[in-house]
């Protein structure tokens with residue numbers, strides 16, 4: 001049977017179509033080619049994005065019109081480290097649910113937040129955490145968005161964060177705090193006079209050294225020496241990571257390495273050293289647990305690169321969040337001297353000044369020193385590390401506060417809004433640790449809309465580690481030294497992975513108590 005020539009629109013045959021396309025290509029100048037590229041790959045996709053956003057149910061949610069069609073306001077705020085203030089201002093103006101950007105909303109209602117992060121345990125947002133990875137296909141525990149894969153990784157690492165194991169790290173934590181005490185003793189050489197120190201640098205150095213000795217088997221000696229390349233590079237990396245969560249195109253910049261070369265070499269070398277020491281040297285730190293479960297065979301879910309990435313997250317996130325919580329706690333106490341006086345009385349009750357050489361012991365005092373815990377909890381209520389909450393994703397069409405939420409929408413369960421809800425907390429913006437003593441007495445801590453470590457299956461695995469470190473550090477420092485407030489300090493915060501001071505320095509006066 002005779003074949004029929006393939007027909008095209010407008011009756012063009014194959015050879016005719018090829019000829020016309022060839023003529024069009026010949027007529028293209030560089031300017032026209034660039035123009036065509038812009039139209040095809042920039043303008044047309046933007047038009048489709050605009051139309052999709054125009055007809056999305058998200059446009060019915062309160063918020064500025066520009067936020068519903070452009071990510072720029074949120075991206076600019078994120079780049080400046082002000083996304084938490086950006087969201088706070090929107091909630092104050094528009095209410096408990098607001099649009100942050102196309103496909104992204106923030107919810108400030110405590111009941112809906114609990115539903116999202118705890119009762120229904122929504123998955124983490126792929127739009128956010130998909131960009132928080134050194135290797136897109138191999139996320140860390142923090143950045144998993146698929147529940148089953150996350151559960152497997154969590155089971156693999158769970159023994160590292162149990163109470164029993166965390167307690168075994170107490171001597172290592174104490175060694176760092178002792179080094180910090182020795183350093184302050186040198187600075188306070190005149191017992192009758194106070195000395196001005198950079199409290200921010202000191203507490204961050206102490207936290208970094210603690211994570212170093214418990215994770216990598218050795219202190220970085222930041223407190224004594226003032227700095228170390230690894231934590232400095234990690235801090236810079238955290239700023240980039242915070243921006244990349246929302247401004248993902250940065251990762252497509254040519255020749256931009258996936259990992260900082262210094263961090264890559266440092267972590268690879270230390271893992272390699274551990275393997276060579278296997279059996280000969282016994283290590284009891286967190287890194288050894290990672291190395292023990294590492295397997296580089298084909299198909300392995302936990303390779304050497306995963307050990308490197310998890311150890312970096314432990315160091316960066318662990319030191320940063322704990323240090324900020326400690327720092328803000330001390331700042332709040334310095335600004336409220338009557339609270340500081342009350343806490344010192346509790347410290348002296350458990351560790352009498354007549355026993356200066358007695359070691360601080362968590363097993364002895366952590367659960368009993370309720371006012372210290374109240375001071376920490378009240379600080380984290382007012383200044384939560386995860387200010388805008390851990391972003392989740394609607395895996396199906398949902399309804400929040402009566403508004404339809406399309407599948408795939410990123411939802412920020414806004415922690416700071418719940419923590420400052422005047423219908424739940426009396427005088428919500430005031431520092432009142434005593435409110436927690438009543439909550440503890442009624443055994444209602446878990447019932448409160450209070451999520452500094454998130455909740456549900458994605459609750460921070462390092463919670464017990466952080467509380468133990470803070471208890472040892474703060475109790476020991478308040479036993480040995482008196483801290484005095486220096487007026488005029490910049491207390492503005494920025495939000496980059498964790499809420500932190502914008503300034504690089506926070507000065508206080510310190511002197512020996514005895």
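Using the three backbone atoms N, Cα and C, a Cβ is placed for every residue, glycine included.
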Examine the ranges 7-27, 28-48 and name the one recorded by Swiss-Prot as transmembrane segment. 28-48
Counting other CB atoms within 10 Å of each candidate's CB, the least crowded of the recorded positions 225, 443, 460 is 443
Measuring Cα to Cα, how far is residue 460 (heme binding site) from residue 443 (N-linked glycosylation site) in Å? 21
